Amino acid sequence: MESQARVKFYCDEARCIDCHGCDVACKEAHHLPVGVNRRRVVTLNEGLVGKEKSLSIACMHCSDAPCAQVCPVDCFYVRADGIVLHDKEKCIGCGYCLYACPFGAPQFPKSGIFGSRGPMDKCTFCAGGPEETHSEKEYKLYGQNRIAEGKVPVCAAMCSTKALLAGDSDSISLIIRERVLKRGSGTASVPYTWSQAYKD
């Protein structure tokens with residue numbers, strides 16, 4: 001990916017086929033422990049023929065991230081491109097970020113003999129963490145750093161129907177607009193695209 005103003009994810013529910021390729025790719029690429037799902041597919045109206053819609057959900061890297069606002073140890077930080085990351089070595093596992101996140105993105109692996117929470121884990125937009133880029137420590141704590149390699153996140157790269165889009169908000173917004181107009185839905189549904197929802 002080239003230099004962006006602000007990066008975002010968008011899942012086109014008209015294209016998502018509930019294959020779980022995105023969440024499996026994420027889990028495999030980052031070697032996530034059992035119980036930690038940085039990305040998940042949710043089906044709305046399940047069982048209602050013709051009304052089912054599936055969405056791939058993860059951290060949305062909010063412009064004004066509520067998780068960062070409630071963290072008592074300030075383990076969150078926002079990169080210049082808008083990616084919201086956290087420092088696992090600062091995290092105390094309190095869970096405030098989970099309660100604040102409208103997407104349920106923060107995940108807490110169990111650790112210790114009594115099943116206490118370990119440091120929080122969440123989607124990193126495949127941008128690693130605060131450790132040295134491509135270091136063994138960064139990979140162990142945060143997984144692949146595809147952004148440093150100029151690639152899109154693995155979940156979006158593996159989406160066979162291109163329902164899951166990742167990249168700079170302007171480019172994603174243009175793709176969404178084109179798709180909506182091609183579907184014949186008109187411009188009535190366009191205002192909910194990233195260019196309006198997330199002002200830089």
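From the backbone N, Cα and C atoms, a Cβ is placed for every residue, glycine too.
Listed features, source Swiss-Prot:
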type    : residues                      : note
BINDING : CYS16, CYS19, CYS22, CYS159   : [4Fe-4S] cluster 1 binding site
BINDING : CYS26, CYS123, CYS126, CYS155 : [4Fe-4S] cluster 2 binding site
BINDING : CYS59, CYS62, CYS67, CYS101   : [4Fe-4S] cluster 3 binding site
DOMAIN  : 7-37                          : domain '4Fe-4S ferredoxin-type 1'
DOMAIN  : 50-81                         : domain '4Fe-4S ferredoxin-type 2'
DOMAIN  : 82-111                        : domain '4Fe-4S ferredoxin-type 3'
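Checked against CYS155 ([4Fe-4S] cluster 2 binding site) by C-alpha proximity, the binding-site residues CYS19, CYS22, CYS67 yield CYS22 as the nearest. Checking each of the binding-site residues CYS19, CYS22, CYS26, CYS123, CYS126 against CYS59 ([4Fe-4S] cluster 3 binding site) by C-alpha distance, the shortest gap belongs to CYS123. Per-class residue totals from DSSP over the domain '4Fe-4S ferredoxin-type 3' (82-111), listed helix then strand then coil: 5 helix, 6 strand, 19 coil.
Of all the Cβ atoms in the protein chains shown, 19 others lie within 10 Å of the Cβ of CYS62 ([4Fe-4S] cluster 3 binding site). For CYS126 ([4Fe-4S] cluster 2 binding site), the count of additional Cβ atoms within 10 Å of its Cβ stands at 26 [all protein chains shown]. Summary: among the binding-site residues (CYS22, CYS101, CYS123), the fewest other C-beta atoms within 10 A of the C-beta are counted at CYS101.
Checked against CYS159 ([4Fe-4S] cluster 1 binding site) by C-alpha proximity, the binding-site residues CYS26, CYS62, CYS67, CYS101, CYS126 yield CYS26 as the nearest. In this view, CYS155 ([4Fe-4S] cluster 2 binding site) is surrounded by 26 other Cβ atoms within 10 Å of its Cβ, with every protein chain counted. A 10 Å cutoff on Cβ-Cβ distances gives CYS26 ([4Fe-4S] cluster 2 binding site) a total of 25 other Cβ atoms nearby, all chains included. When the binding-site residues CYS16, CYS159 are compared by the number of other C-beta atoms lying within 10 angstroms of their own C-beta, CYS16 comes out lowest.
Summary of the [4Fe-4S] cluster 3 site environment: with the site residues CYS59, CYS62, CYS67, CYS101 set aside, the chain residues having Cβ atoms within 8 Å of the Cβ mean position are MET60, HIS61, ALA65, PRO66, ALA68, VAL84, CYS97, ALA100, PRO102, PHE103, ALA105, PRO106, LYS122.
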